[in-house]
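Visitor: First the structure, then my questions, so here it is.
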Amino acid sequence: MPELPEVEIIRRGLEKKLINHTIQSVQRHRINLRQSIPITLETCLANTRIIKFNRRGKYILMELSNGLTVLFHLGMSGKIIVQPSGSGYEKQKHEHLTILTYEGECLQFIDPRRFGIIDLFPTNTTHNLLKMMGPEPLPDTGINVSSHQAILCDYLHEKFKLKKQSIKNTMLDQRVIAGLGNIYVCESLFLAGISPFQSACELKRQEILLLIQSIQSILLKAIESGGSSMRDYVHSNGEKGYFQMQWNVYGKEGELCNYCLQKGRKTVIKRAVQAGRSSFYCEICQK
């Protein structure tokens, strides 16, 4: 499933290509995603201008000039491709939605496994799927990083006090913190030196601050590297990311830990299953 970095990269690509473009037509092809694509999209989007692309956690929000916003979630295998003007539109396999603009661009929502979501809601309201989400792990543009880290640390310190479950499972809970998935939780815990099995309530404030700094470092590096492409994820122009080349532990069961090798140790990265999800970790680096 695309996580925060991948969704942010797609958002930036859409923003670069489609801001201030006017929608000419909308076509629903296969409406059977996790929930049916609203039939009102076809009438409500026509002749409206795209004014902004936002991101909330793993959701992309396309704000329109008529006071409505389109919500996209990519699910497990979804992708949003923009065909540039003059390239010619060709319907793709597993394409669920097509948006054509008067400027000639074509947005295609493609989802083979159909776990994605497309919905429509008034911009001045909060969609039900977003109401219970935790704070963003990255600060907004212009916000002081240290101040954001301190505020987030205070919040998580109070939140973790009530969590007896593992820190790994706690961080995957979108109600606690938004946008994180299995890849970046595994990588962040490794960088912070925290075992995925440690109870969230046992973490001291300084450990939480270090974890926040590790999360932000990993996410920013992932965004800079174009995200992690394993199976389905591609940018809005069809290109793949390459952050998977920088993973320290995720997907590396049985391989030697590079950090340990630098210190003359030969420690094998292990894999365990927590709440149905694979956790990858180094038992020496992560205590």
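A Cβ is built for glycine as well, from the same backbone N, Cα and C atoms used for every other residue.
I grabbed these lines from TrEMBL:
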ACT_SITE  Pro2  active site, schiff-base intermediate with DNA
DOMAIN    2-116  domain 'Formamidopyrimidine-DNA glycosylase catalytic'
ACT_SITE  Glu3  active site, proton donor
ACT_SITE  Lys58  active site, proton donor
BINDING   His94, Arg113, Lys163  DNA binding site
DOMAIN    248-287  domain 'FPG-type'
ACT_SITE  Arg277  active site, proton donor
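How about a rundown of where these features are and what they're close to?
Guide: Look at Pro2 (active site, schiff-base intermediate with DNA): DSSP puts it in coil.
Per-residue confidence over the domain 'Formamidopyrimidine-DNA glycosylase catalytic' (2-116) averages 93 (mean pLDDT, predicted model).
Using a 10 Å radius centred on the Cβ of Lys58 (active site, proton donor) and all shown protein chains, the other Cβ atoms total 22.
Within 10 Å of the C-beta of Arg113 (DNA binding site) there are 14 other C-beta atoms, taking all protein chains into account. In the three-state DSSP scheme, Arg113 (DNA binding site) is classed as coil.
Long-range contacts of the domain 'FPG-type' (248-287) within the same chain, counting only residues at least 6 positions beyond its ends with a Cβ under 8 Å from a Cβ of the stretch, are 166, 168-169, 172, 182-183, 186-187, 189-191, 193-197.
According to its DSSP assignment, Arg277 (active site, proton donor) is in a strand. Long-range neighbours of Arg277 (active site, proton donor) (same chain, six or more residues apart, CB within less than 8 Å of its CB): Lys168, Asn169, Leu172, Asn182.
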Visitor: With the cut-off set at 10 Å between Cβ atoms, which of these recorded positions ends up with the most neighbours? Options: Pro2, Glu3, His94, Lys163.
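Guide: Neighbour-count leader: Pro2.
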Visitor: What kind of secondary structure is Lys163 (DNA binding site) part of, going by DSSP in three states?
Guide: coil
Visitor: About how far apart, in whole Å, are the alpha carbons (Cα) of Lys163 (DNA binding site) and Lys58 (active site, proton donor)?
Guide: 23
Visitor: Based on Cα coordinates, which of the following recorded positions are within 10 Å of Pro2 (active site, schiff-base intermediate with DNA): Lys58, His94, Arg113?
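Guide: Those close enough are Lys58.
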Visitor: Under a three-state reduction of DSSP output, how is His94 (DNA binding site) classified: helix, strand, or coil?
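Guide: For His94 (DNA binding site) - judged by DSSP and reduced to three states - the answer is coil.
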